[in-house]
Amino acid sequence: MHLVDSIAYFTIIDYVIFALLLVASMAIGLYYAFTGGRQRTTQEFMYADRSMKCLPLSLSLMATFQSAVAIIGTPAEVYANGTQYWFIGCSYILGLLIPAHIFIPLFYRLHLTSVYQYLELRFCKAVRICGTVTFIFQMVIYMGVGIYTPALALNAVTGFHLWGAVLATGLVCTLYTALGGLKAVVWTDVFQTVVMFTGQLAVIIVGVHQAGGLSDAWVKVRDGGRISGIDLNPDPTVRHTFWTLGVGGVFLMLSLYGVNQAQVQRYLSSRTEKEAVMSCYMVFPCLQVALMLSCLMGLVMYACYGNNSPLEQQYITSKDQMVLYFVMDMLQNFPGLPGLFVACLFSASLSTISSAFNSLATVTMVSTFSAGFHFWMNSSFKEPPFITFIFKNVVFRFKAALSIFGMVGGPLLGLFCLGIFFPCANSIGAVIGLAAGLVMSFWVGIGGFLSRMPSSVQVLPLNSTNTVPAASGNITGPAVIDAASRPVGLNGLYSLSYMWYSALNSSTVVLIGLVISFMTGKKHGPEELLIVLYTYTEERNQKTQLDSQKPSNSSART
């Protein structure tokens, strides 16, 4: 067991490996900037000419929300509280089957450019604008957390310059996203996924060796109570139980893989609807592998340190630094491996930020140049160069507000569910329902944050899921000790497990939206709604057929 009180700085080899990650990512962006269609059209830039295959798309779908926060936070959670968090993998089943069979067919057959176009078709332009603004707010927040958290932890543990890491990540990510479009984003995601898995696997193998071998490591984590059974406690204020993870997690997955522009944009870049659905299926094993590696890292950390937490020993000041401290501590005698893991960490950050940039650029461009944009997207003519230039530079506009706080994925999910599953819902109900969901989200989230007692990562002597500190990036209420001390009233609401936030907020949107719709009168009945969507689909299909015939006619004349 190590536990050193001095910072182990990077070696030259570590810096070289980290630099190679950035150079390789840039190279992929430059390759797609100067090959193929050279990103001359918005169709190629945003949707890769709808030519992507399911395997790279599935890896990109996984990498988009496999952020550096998850790589840092999940092992720290498992180290402190055991493997209960692993049961979130159960939510992946419904969380991917529902998008594959409901959301993807709907969005793909409508040939949407932005997923928020559906809201205008279903309700009105005002609802679309509200949804777009909410999404932009969500992704700006996510970008801030995704890029700043790993840089801060890296700075504290390795001495790597904080703003140097932030600027390097942001600059490289912005350049290859702006130059190479969606093709560059997807293929860098594939490359970065390989780096992520390689880095985590290397740390696990070396950590097991340092712990005395596989059998010794297993005995240590078993005797330390870190192998959790299924906790069927129905109390929604307990952070991690089977119900909060396996059921509450479904709503979280739907908000990410069902209606998020970053993911839907990948589905729509598939060659066929079947391949889009297949890419969603293939995300399941990818996510399970990512979850397994993160949880195994937490167990290996416990096998090496036991109850002597680096945080309790005051070698670090935050739970966010635990994983990097472990890497620098255990791998200091293996030159290059710390650099490999940091490359793994920043691969996750790059994939998250690039996906956010690309999706933000898409929804912003579609909303800003709505009328003209649809003409260019539906014609065979190339748009004027200044439009492509403006579009590519949209990705540079979203790097200012990195510290804005909020939770908006649930309300957006509720808004789409209101439109898809309830034909009686109208525009007034949609707008008021979304507003109510956002109010509920901020009320519960901020209230829970303010009422939460300051806590640190505490190593539990027994296998328990009732007294649990917050994992990195998770907003939680106060810890629940027993029935006698269980919070009631508003405190009970503030203590709701963060895994239920998406379910609570989306349900609020649907319920309030339906009530307001019944009070103000419905906009469409089921038949009228089907006619609207069918007419739009037919118009898009006819334009697509005409466009596909134009090149052949011109070549025949030639």
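Yeah, the Cβs are placed from backbone N, Cα and C, and that goes for glycine too.
Annotation comment: TrEMBL describes 12-34, 54-73, 85-108, 129-148, 160-182, 194-212, 241-259, 280-303, 323-345, 357-376, 428-450, 498-519 (among others) as transmembrane segment.
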| So which of 160-182, 280-303, 323-345 has the most C-beta pairs under 8 Å when paired with the transmembrane segment (12-34)? | 160-182
| Interface check, the transmembrane segment (54-73) with the transmembrane segment (323-345), three or more C-beta pairs under 8 A | yes
| Would the transmembrane segment (323-345) and the transmembrane segment (194-212) count as touching if the test is at least 3 Cβ pairs under 8 Å, pairs 6 or more apart? | yes
